[in-house]
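Novice: This is the structure, below, for whatever I ask next.
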């Protein structure tokens, strides 16, 4: 399972709710929020699965 984060980070994310679960066992509201967190983690954060953790 993977998600393309090549277009990120973005300065602002929409409020669209399409949850994804990160390898940190945290639920991110959408791909944008998740990808921004991936960038901030220097690539150590990965996608666990789509949907809530």
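Cβ coordinates are placed from backbone N, Cα and C, and glycine is handled just like the others.
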Novice: According to Swiss-Prot, which residue among 25, 42 is annotated as N-linked glycosylation site?
Specialist: 42
Novice: Report the nearest neighbour of residue 42 (N-linked glycosylation site) in space among the disulfide-bonded residues 5, 32, 53, comparing Cα positions.
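Specialist: It is 5, whose Cα lies nearest.
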Novice: Count the other Cβ atoms sitting within 10 Å of the Cβ of residue 5 (disulfide bond), across every protein chain shown.
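Specialist: The answer is 18.
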